[in-house]
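The structure appears below as structure tokens.
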Amino acid sequence: MAYPFQLGLQDATSPIMEELTNFHDHTLMIVFLISSLVLYIISLMLTTKLTHTSTMDAQEVETIWTILPAVILILIALPSLRILYMMDEINNPVLTVKTMGHQWYWSYEYTDYEDLCFDSYMIPTTDLKPGELRLLEVDNRVVLPMELPIRMLISSEDVLHSWAVPSLGLKTDAIPGRLNQATLTSNRPGLFYGQCSEICGSNHSFMPIVLEMVPLKHFENWSASMI
């Protein structure tokens, strides 16, 4: 989860988020190098009155500043395309969960189980227990098995929503009349928080998402107790 004054991304919990973090660092380094070069050239132009007459009309320079940006864009695009294809892969999910966005709560249905469905509302600040997080706790958490591929089917009952869990690298739009899907795999157990990430009305800020990733045995015990 995020912390006050945090500058970086949240700790990666899924393979996809690890790839996104590496891509972020890769792209940021390229941007940093380009920005440093541009600032260096600007400082030279401001601190010297000398000019090189041949650079005002130099075919070689124009060729270089055409080819070099193209190479840099390719270096950014190739890892990005690889991650996009990874995010679209569906590797035989062991579990499918359907989530529907409402104003202003989420409902979940475990499609592999009969009658295993519930609504998930934010817990009001006045009802929080010591140690719980304001605007992020819910009355019913989404319990899922860790280290296994899970498919999420996401849609909406009313307006546009967006189901997002940053530490898993997930953000999928919930669109009325359309069923979007995403896959997630958690590398470790724990609680992972997210929120609706699409403006959906006056209580948009009060639609938290809480995933509880547990070992498979604990998940089986939980699902048996819920049915």
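Cβ coordinates come from backbone N, Cα and C, glycine included.
Here Swiss-Prot flags 1-14 (among others) as topological domain 'Mitochondrial intermembrane', drawing on similarity to another entry. DSSP assignment over the topological domain 'Mitochondrial intermembrane' (1-14) gives 0 helix, 0 strand, 14 coil.
Residues or ranges marked as transmembrane segment by Swiss-Prot: 15-45 (among others).
The topological domain 'Mitochondrial matrix' annotation in Swiss-Prot covers 46-59.
Beyond the ends of the transmembrane segment (60-87), by six or more residues, the same chain brings 15-16, 19-20, 22-23, 26-27, 30, 34, 169, 182-183 to within a C-beta distance below 8 angstroms of the stretch. Among the features that Swiss-Prot reports, transmembrane segment is placed at 60-87 (among others).
According to Swiss-Prot, the feature topological domain 'Mitochondrial intermembrane' maps to 88-227 (among others).
The Cβ neighbour count for Met207 (Cu cation A1 binding site), using a 10 Å radius and every protein chain shown, is 27. Annotated Cu cation A1 binding site per Swiss-Prot: His161, Cys196, Cys200, Met207, in sequence order.
Of all Cβ atoms in the shown protein chains, 25 besides its own fall within 10 Å of the Cβ of Cys196 (Cu cation A1 binding site). In this structure, Cys196 (Cu cation A1 binding site) is part of a beta strand by DSSP. Taken from Swiss-Prot, the feature Cu cation A2 binding site covers Cys196, Glu198, Cys200, His204, and the record attributes it to similarity to another entry.
Under a cutoff of 8 A between CB atoms, and with a sequence separation of 6+ in the same chain, the neighbours of Glu198 (Cu cation A2 binding site) are Leu160, His161, Ser162, Asp173, Ala174, His204. Feature annotation from Swiss-Prot assigns Mg(2+) binding site to Glu198.
Each of the binding-site residues His161, His204 was ranked by the number of other C-beta atoms within 10 Å, and first place falls to His161.
Residue counts for the topological domain 'Mitochondrial intermembrane' (88-227) under DSSP (helix as H, G, I; strand as E, B; rest coil) come to 21 helix, 61 strand, 58 coil. Tertiary proximity for the topological domain 'Mitochondrial intermembrane' (1-14) is limited to same-chain residues at least six positions away from its ends with a CB under 8 Å from its CB atoms, namely 20-21, 24, 133, 136, 166-170, 184-188, 190-193, 213.
Across the residues of the topological domain 'Mitochondrial matrix' (46-59), the predicted structure has a mean pLDDT of 68. Taking all protein chains in view, 21 other C-beta atoms sit within 10 angstroms of the C-beta of Cys200 (Cu cation A1 binding site).
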